[in-house]
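A short worksheet on the structure shown next.
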C-alpha cells in the first residue's frame, strides 16, 4: 500500500504573465484514491495537464516519477501508453456515434484499416459490464444521460489498460444517485488495485472516497492530508483551500418578506421533443417580495424546464396555466413579454446560454435592455459605459476594464456579468438556475451576498440548485420537485437534507 | 486556465498596442502596399485619373454588396445568391425600362423592392424554418439564375435610356466651377472641395473622439498611430480627389457608395440593431434568451442583403448598358472574399464595415492592376485565391499566438 506510483517534484509552469504552478510537489500511493482540491485557478487542471503530457516535457520545470522511473511525456499518447488516463470535465464523446465507436475511437479494433465490428461489440459489452452499464454497444451517446456518459468515459479508459485514472470533476453535472454510483465504482476499482486521482469541488464526496487529500492554493501545494490518520472535516479542507477558516459559508440575512410577487398556478407543460409526453404536472408556487425561494430536486425533476417554460415559453409546448405578478395576470408567452412582466432568468449554462463570450463586459451587461441606453435606436456610448461601470463596481467584477471580453473572466466573474445583465432589466423576480455551479468558494460567498442584497431591496428570488446545503443556507422556503411535480413545500425550519430526500423518495413511491 | 482577474492598471506600451491591433493596421498597410506595387509595375497607370475613375466604377457594386454581406456573416450566415439576384434584378429593370418604357424614377424603387422580396424569400427559410443559410441561398442562387433566363428568354436586353445610366456612369456636375483657381489643370472643382471637406472632417472627428475618450478615461490608441493613420488616409484621399478633379470629377456611384459606407458603419457601431446582430452572431441562444427577436433580425439581414444586391444589379446593368442572363456570375465569391479578407469571422460575431470595404478595395485594385499588367484571368483567379487564404491565415495565426 505504501508503494509510491507517482511523484511530481517541484513542478513549475508559467504562462505568459502568470505563474500557474509554483514548485508543486505531490505523491500518490499505489491503489489509493487521491483527491486534489483547491479553488478555481489554484492549478489543479494545469497540474494534471502537465502529468498527462498536454503540456509536453520541457515546457515546465520539475520532475515526474512514475512507476519508479523519471518520465518525460511529450504527448498524451506517451502517458496513455503507461496507463495514465485522464477524463476531462467536458466529456470528450461524439454524441452521434455509438457507445462502441466512442470507446474505441482512435484505438479501433481493425485490420489494415477495416474495423472488426463483432469483436468491437463484444469487447464493448465486457467493458460496459465492468462499469455497470446494460446499454447495447450500438446505442448512440446522445440517447443516454450524462451519468451514463460519464461511465462510458470510464469504460473507454478501461479499454486502454488504465493504471492511474484521473477524473476532473466527474460528478459536477451528475445528480446524487449517479454520483453515488460513480463513487462506488471508483471504490470497487480501488479494491482491484487501481489508482485514481479525483479533482472535485464536492467536499462531501471527497470525504466519502478519498484516502489522501492534497490541497492546492494559488499554484502551490498547501498540504496533503491523510484521511486514515485523522478525521478530516469539510471545514478543515476549506480552511486549507481558502487559507483561512470560513466561519460561515453563507452570509447572514434578516428576511423581510412582503407581498406575493410571482405566482404560478397549475402549470402544465408537454415535452419539447416528445410532444405527447406531459413533463410538468400542475406545478404551482409563489415567490414573495424579499424572499429567497429554493427549488430542490434531482436532475431531470423538471426544475430548469419549469423556469424556462415560464420565461417566455423557451422550453416545451402545449403550455397551460396561469402566471400572475402582484395578483395581476401577466403575459409571459415570449421572452420580451416575460422581461416586461418583471421576470429575469439567469441560466444554468453560463457559457452557452448566458453570455456572448466574444463580447466584452459592457456589451454583455446592456444586451437584455439595450433600449435603456439608446435613443431612437442609437446607443449612447457614454451612458452605456456608465451603466456597465456601475455594475462592475457594485458587483465587484474583477477585470481590468469593462472592455475585457467575457471569455477571459473567471467563472465567478462571468456569473456576475450575467447577473448585471439581468439586474439592468430591473426585474421584480429573478430566477437563478444553479447560480454557483463551477464557481469557487470565495466567489460563491459573493454571489450569496448579492442575492441577499437583492432580497433586501424587495426583489423576489427563485433559486434552483442541486447543492442542498446551498439551498438550506440561503433560502427562506424550499419547494421540492420530482418527476415534473412539486412534491413538498418546506419552511426554513422544516427543511433539511433528510426532509428533502424523504420528500423525493416518498413521491417516487406514489407515482 | 488561469484567468487573470487582478486589476492591473499598467499602460500598454506602443509595441503591445501594435500587436493587439495588428489586424486593423495590417489591412490598411496591405492595401497601401498593393497600391504602390501596382502603381510601380504598371508604370503609373494605376493612379491615372481615368483609371481611378474606372476602379471606382468597377468595384462599387462589390463594395455595396460587401456591406450587406458583412451583416449576414456577422449574424453567422452566408449568402451565395447575390450574383443571381444581381442578374435577375438587372433583367427585370431592363424589361421595365426598355420593353415597358417605364421611367427610371419608378423602376429604381421597384427593383429595390423586388430585391428585398428575394432576400425575404430566403430569410424566411433561414430565420423561421432554421434551414442552414448555405443551403437556402445555394437554392436561391440556382432559382434566381433560372428565373433570369426565363424572363430574358435567353437573350440580352439593351440599351438603356440616359436617365437610368447616370446611376452608374454619371458624374456630379461642377456647380462650384467659379471657385476654380486654374481651369487648365482642374476640370471639376466639386471633387476637390468635397475631398478637402471630408478629410478636414475626418481629422476633426478623430480629434474630438480622442478628447471624449480622454474625458471618460477610455484608452486611446497611441497618438503616433493616430497621426500616421490620419496622415496616410488624408494623403491618399487628397491625392485621389485631386486626380479625380483633373478628369471628370466625382462619379455618382462614388457618392452612393460613400453614403452607404457611412450609414452602415454607423449602424454597425452605434445602433442597437447593429449591436444585436453582433451579439446574435456571437451566441444566438444567449441573445435570444436576453429577449431579442433573433428570427426577425436574421430575416431582415437577408432582406437588407437583397436590397443592396438589387442596387448593385442596377448599377452593373446600367454600366454594361445591357441585361444579360450571365451577369453577376461569381460575384458572391468576390463579395464574401472581401468580407473575410477584411477580418470577418466565418463563425459569426466578428467583422467590421471598414474591414470589408478595405477588403473589397484590395480585391478591386488587384483585379484592376493585374488586368493592366495583362495577366490572364486564369492567373488572376489563382492569385486572388492565395491572397484570401493568406489573409485568413494571418488572422488565425495572430489569434493562436495571442493565446500563448
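Just so you know, glycine gets a Cβ as well, placed from its N, Cα and C.
Of the listed segments B:165-184, B:185-204, TrEMBL assigns transmembrane segment to B:185-204. When the stretches B:25-47, B:54-74, B:224-244, B:353-375 are ranked by Cβ pairs under 8 Å to the transmembrane segment (B:297-316), first place goes to B:54-74. Of the ranges B:54-74, B:131-152, B:328-346, the one with the most Cβ pairs under 8 Å to the transmembrane segment (B:25-47) is B:328-346. When Cβ-Cβ distances below 8 Å are used as the criterion, the transmembrane segment (B:250-267) is approached by residues 53, 56-57, 60, 63-64, 67, 70-71, 166-172, 188, 190-191, 194, 244, 273-274, 308, 311, 315, 353-354, 357 of the same chain, each at least six residues removed from its ends.
When Cβ-Cβ distances below 8 Å are used as the criterion, the transmembrane segment (B:224-244) is approached by residues 14, 17-18, 25, 28, 32, 47-49, 52-53, 188, 191-192, 194-196, 198-199, 202-203, 206, 210, 250 of the same chain, each at least six residues removed from its ends. Three or more CB pairs closer than 8 A are found between the transmembrane segment (B:328-346) and the transmembrane segment (B:54-74), so contact between the two stretches is assigned (pairs 6 or more residues apart).
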